[in-house]
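This report concerns only the one structure given below.
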Amino acid sequence: MKAVRINERLTIAGQPMIADFPSLSAQGFKSIINARPDGEEPGQPGNTQEKSAAGAAGMDYGFIPVSGPTITEADIRAFQQKMAEAEGPVFAHCKGGTRALTLYVLGEALDGRIQRSDIEDFGKTHGFDLCAATRWLERQSAAVPHIKAFFDPRTWSVQYVVSDPATGGCAIIDPVYDFDEKSGATGTMNADAILDYVKRHGLSVEWILDTHPHADHFSAADYLKQKTGAKTAIGAKVTGVQKLWQEKYNWSDFKTDGSQWDQLFEAGDRFSIGSLEARVLFSPGHTLASVTYVVGNAAFVHDTLFMPDSGTARADFPGGSAKQLWASIQDILALPDDTRLFTGHDYQPGGRAPKWESTVGEQTRSNPHLAGMTEEDFVRLREARDRTLPMPKLILHALQVNIRGGRLPEPEANGKHYLKFPLDVLEGSTW
């Protein structure tokens, strides 16, 4: 095992064996970062064994699996976070060390602590070829639009600020309004973090976009509209969702015309974010109103495709359809192979760090719900999987807010807001 000390906080290495972990702890390492996907070669210990061995040796452990071409800023920031959390020296590895060092160096470059022109020499000094790191930075600087993700670990949701570097115009996609179902408390921590980012970067919010009425969190669209004055928008088929849930909530006087938003997008509609053109794909299946927003070389695919190691979204909500979901996914996969895809949720399989960015090509090659699958195969798999899933714990809480455009129910005489729960209207009980 080749191990190279980069500085007093970080050592980069090739694959250690499980028997090495007690020795690493004895040498003073406090944390292990495994940057290697499972199954790369026979005999590789893998995430589960490494996590167990690290814990037994008294070390923290982080799993940030990457291959060179698929490194994203989420991986880089996750590496930095594990470094910051470590209570002492960190031992980071992949198969040979290059990917682990690449994650470190890219973080240093993004934060201005190393110049792009110095990266390859830095690598040579330590015995590594970091040409791929400089190429990554070149691609990243050329990518339009600029995208900043905000991950909410309470709901596994990913929110986005999508900005035009030429004008500073931006859109906010799928923002979360905080809600604690145990206490009934609401908050704006997620939305305020987005507003802080917008302010620090001198951006102007032009749109607040929801991809569909969410069943697992409240939308912060109305709160952000009040703070920014930006227009709110969603797919036009939201009126069908409103009618469906109007009946379930027994709201005879509820408006089901979509007037809670400033704009209802039809399939194929185009709009501007700064000087960038955005267009709308109709993407039903998860819900009957879901849409995808395509901006430059990026598509915001919400609850259709998850990361390639996580498959696809469920299609068993009222108005959902596995067959429609397959068709919607095929429309997304018809985009160019290098189109960046940004998902709406990440459930961190294997305990890995959260991720949200892939490409059309990666999904086609690596997603087990898609690679080598026919429509019939997919529908069979998706429906069988959905039969095992309980309803989301917030579905009855969230939809009565989200079909109102993110507005809480009107306060009652005492000034308090109240949610309404219909009983026995959904299948999927957990007993």
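Every residue gets a Cβ built from N, Cα and C, even glycine.
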Matching residue for the Zn(2+) site, where Swiss-Prot names H212, H214 - out of H93, H126, H286: H286
Identify, in sequence order, the residues in the chain of H286 (Zn(2+) binding site) that are 6 or more apart from it along the sequence and have a CB within less than 8 Å of its CB; answer 'none' if there are none. H212, H302, D303, T304, A313, R314, A315, F317, G320, L325
Whole-Å Cα distance, D309 (substrate binding site) to H214 (Zn(2+) binding site), is 23
Sort out the sequence-distant neighbours of H214 (Zn(2+) binding site) for me: same chain, 6+ apart, CB within less than 8 Å of its CB, listed by position. S157, D174, A398, N402
Fewest C-beta neighbours within 10 angstroms among the binding-site residues H212, D309 belongs to D309
According to DSSP, which of helix, strand or coil covers H212 (Zn(2+) binding site)? coil
